[in-house]
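So that you can see what the record holds, here are the features copied from Swiss-Prot:
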- 1-16: compositional bias 'Basic and acidic residues' (COMPBIAS)
- 1-112: region 'Disordered' (REGION)
- 78-95: compositional bias 'Polar residues' (COMPBIAS)
- 175-252: domain 'GRAM' (DOMAIN)
Amino acid sequence: MEPPKGDTVVKTEVPVKDPSLSVVDSKTKGVEDANTEIALSDEVEIETKGSDSTPVKAPSRTSSGSKKSVHWSPELVSGSQEPDQKAASSSSAGSNPYIARSPAETSDASLKDTMETVKGVLGRWGKRVAEAAKKTESLAGNTWQHLRTAPSFADAAMGRIAQSTKVFAEGGYEKIFRQTFETDPEEQLLNSFACYLSTSAGPVMGVLYISSAKLAYCSDNPLSYKNGDQTEWSYYKVVIPLHQLKAVNPSASIVNPAEKYIQVISVDNHEFWFMGFLNYDGAVTSLQDSLQAGALRSV
């Protein structure tokens with residue numbers, strides 16, 4: 001008699017005595033609700049129909065040589081699961097109050113949106129890097145040109161270091177501006193730019209201040225001049241109220257484009273040439289804004 005599909009068959013040629021097994025007479029075979037038949041022989045083979053399990057050999061035991069039938073509980077055969085299956089079933093049951101599930105978005109639209117976001121971030125980052133590199137290159141070029149404008153490269157470098165030390169010691173350009181020039185209480189310093197002013201004696205290093213009321217320039221160091229037979233020293237200063245501004249003209253040398261200038265013209269046609277800016281573009285923008293502000297005041 002062939003056992004039903006899915007049942008377990010055990011065969012052995014050595015009789016086994018096991019008190020835990022329920023022994024029944026062969027006449028009652030088929031009457032009991034048994035799903036498993038064990039034939040006692042010398043070698044035990046356990047095979048499960050419908051599975052890929054390899055037959056397992058059990059150790060032989062000595063006993064009488066009679067054939068006996070043994071009944072197993074159906075729950076012991078069909079009720080067990082593999083550990084992974086148990087974990088999966090308990091997880092899917094939702095009995096753990098600390099576990100939550102949300103569906104993963106795997107649609108093409110979601111993937112496309114993610115890629116577009118990444119492209120946008122990388123694009124903005126690339127533009128910022130390019131702008132920073134351009135500004136760094138411009139600053140390096142302006143610094144080199146600033147130092148070259150002076151009659152002595154070494155003197156220009158030392159003068160710039162001395163000016164920076166002075167600004168730090170005095171507490172910033174705002175205090176130096178108010179100490180150097182007459183100002184109104186409501187007047188505000190908007191910007192300051194290290195540069196040179198072209199004079200009959202050559203380029204003079206100094207700082208151009210742009211306030212809410214005027215343009216003001218002062219040399220970093222005092223200049224010598226003759227007063228009769230005596231030599232005197234004084235700082236070179238230029239002050240132009242905003243309402244007296246007529247034009248601001250940026251330009252560059254045809255021979256050497258790195259040499260950039262800003263021409264400032266007053267309403268009474270006095271011209272002032274500034275050059276060697278560390279921040280040329282910023283100076284042009286600030287001066288043009290001041291020109292517009294002065295034009296509005298004069299109306």
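The backbone N, Cα and C atoms fix where each Cβ goes, and this holds for glycine too.
When DSSP labels each residue, the domain 'GRAM' (175-252) comes out as 9 helix, 50 strand, 19 coil, counted as helix, strand and coil in that order. Confidence in the domain 'GRAM' (175-252), given as mean pLDDT, stands at 91.
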